[in-house]
C-alpha cells in the first residue's frame, strides 16, 4: 500500500522536517491518515515519533513541511494548494474545513482544528479532581456560553445549561472508563492505568476529530492494556474519531491499527497494513539492528 | 483586654489590605512562576486613581458617601486593571520563554517606571485628603477610661474585603474561567493543548490581581488619608511577605498571610514599639521560611521518582 491520497483522508503530512541545531529529528517525512481509522506510528527509540506528534499538535514549529487536516470530507484537500499559497491558517467552506496545523498556535490546534493528544508521561492536572480534569477540556464551549464575561460565569441561564451539558459529557466518559465513583478525588491519586484512561477521556471531552496518543499502553499490565484496546476501538466505533498512535507494544499495534507507518532515524522506512509492515525486511532490520549491507540477507531469510 | 481588642481590630484592617495585595502576587506566581515586583506599585497606582476619582466625584457634586465610595472603587478597579494588563503585555509577555530571571528584572524595571511616572505626573509631595468616613462604634471601656472602638471605615474595609474574597474564591473554584486558571497553574502547556488560550488566562490573572490591588489602594486612601508615590514599595514587600508566609501560590494562604502580617504589626506596634514593627513582620517571615519553607498553606513540591 502506498501513501497515496485515499478516498477519505483526514491528515496529510508532507515533507515534515524538524531540526534541533545539528540534529535532524524528523527528516522529510510524508504520510497520510484516513478518517475513522487507527494509524500507528512505530519505530525504535529515538526514531522521532514523539517529535512528529509535537509538530502536529503545535508544540513545536516544524523547520520545514506541511501538516494539513480536513474536517468534513476529504474534498477539502482540493483547496490545499490555494491555502498553502495564502497567508491563512485555515479555510472553511460549509461543513468542510482545512487547517494548516504547522501555522497554528498550540491552543488553536486544539480549539479550532480539534486535534487532541495524550502524553507518554501522563500530564493530568493532578491537583484537580477527576471531574474537573474533564471539565477543563470543555473550557471553550463553556466560555462561549458565558459570553466571555464575569457576569455570564456567575449564573446566566445559557451558561448554566452549557455547564450541565459539560457535566453530562464528563459523566458519559467517566462511565466508560469506570471512574464515576472517583469523580471528586484528585486525579493524582488514581492508579496509573486509570490515569492513562482518564487522560484519553479528557482528550475526548474536547471533541477531537483526530486524537493523537503517545504510547498509551506504556507501563500498563496485560489486563489494563486490554482495557485500553477496548476503549480505543470504542472511540473509533462510536465516535468516528480518527486515531494516531505511537506505540511500542506490538500486540496493541497489530491488534487494533489499520495502517502502520514505521520511522527510523527520522525517516519513513515502511508504510502499510500491519501485516505488510510486520514482514517488511527493512522494519525487521531496524528493530533488530542489522547493518544496511545485511538487509538483503534478512530479506532472503524472510522470503524463505 | 480593651487594648488587645483595639489592636486586633487595627490588625485585621491592615491585614485585609495586605491580603488583597498578596492575592495578586500569589496568583501570578502560581500561574507563571514569577514574582511580579511591580505589583506593589500597581497598588500605589490604584490609590492614586482612587484619589483622582474621589476628587472628580466630589467636584461633580456627589456627596453621598456610600455612592461616592462605590463609584471610586469601580473606577479604580477598571483603570488599575488596565495598568495591570498593560504591564503584563509590554513587560512580561515578550519575555515569556526566555530565561527565568528576565521577567523578574523586567518586573523590577516596571516597578521603577511606575514610581517615577507617578512622581512626575502627580508630584513627589505627600497628598492628603479629609477623612470621608468618620465615626465608629465603641465596643468596650476599661476602668482607666480607654475605649476600644471599631471605626466605620474599618468595618467598610473588612466587609469589602470579605465580600470580594468570597466572590473571587467562587470565580476561581466554580467557574470555567477559574478552572482554566487552575489548569494553567498546574501545566501551562497542557492547558494550551486543551484549547485554552493561555495568554488570555494570564492576562486575566494580572487584571484580577490589579483589580484587587486597586481595592486595597482605595481602602488605603480612605483609611490613612495620605499617600505618595512611594507607598507601593513597603506595602508591596509586606504583601509579598504575606503571600510567602501563607504559602505562595495558595489563595487562602495569601489572605491568611495578609491577616497574620497585619496582626503581627499591630500587636508589635501596640505592645512593644511602633518603630520596629517592620522588623517584627520580616523576622516572622525569616522564621517561617526556616521552619516552614512552603508557607502555612503551601503545597510542598513532591517529585515522584
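Even glycines carry a Cβ here, placed using N, Cα and C.
Annotated transmembrane segment per TrEMBL: B:12-35 (among others), in sequence order.
Under the heading transmembrane segment, TrEMBL lists B:42-62 (among others).
According to TrEMBL, the transmembrane segment annotation covers B:68-87 (among others). Same-chain residues lying 6+ beyond the ends of the transmembrane segment (B:68-87) with a Cβ under 8 Å from its Cβ atoms: 24, 36, 38, 42, 45-46, 49-50, 53-54, 57-58, 62, 110, 114, 132-133, 156, 160, 203, 206-211, 213-215, 217-218, 222.
What TrEMBL records for B:99-118 (among others) is transmembrane segment.
The feature transmembrane segment is assigned by TrEMBL to B:150-173 (among others).
Residues or ranges marked as transmembrane segment by TrEMBL: B:201-223 (among others). Residues 13, 16-18, 20-21, 23-25, 27-28, 31-32, 36, 39, 42-51, 54, 69, 72-73, 76-81, 83-85, 87-89, 93, 129, 131-133, 153-154, 156-157, 160-161, 164, 168, 177, 180-181, 184, 191, 231, 235 of the same chain, all 6+ positions outside the transmembrane segment (B:201-223), place their C-beta atoms under 8 angstroms from a C-beta of that stretch.
Annotation source TrEMBL lists transmembrane segment at B:255-273 (among others).
According to TrEMBL, the feature transmembrane segment maps to B:279-298 (among others). Packing against the transmembrane segment (B:279-298) from elsewhere in the chain are residues 238, 241, 244-250, 252-253, 256-257, 260-261, 264-265, 268, 272: each is 6 or more residues past its ends and has a CB under 8 Å from a CB in it.
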For the transmembrane segment (B:150-173), which stretch among B:12-35, B:99-118, B:255-273 has the most Cβ pairs under 8 A? B:12-35
Is the transmembrane segment (B:255-273) in contact with the transmembrane segment (B:99-118), using at least 3 Cβ pairs under 8 Å (sequence separation of 6 or more) as the test? no
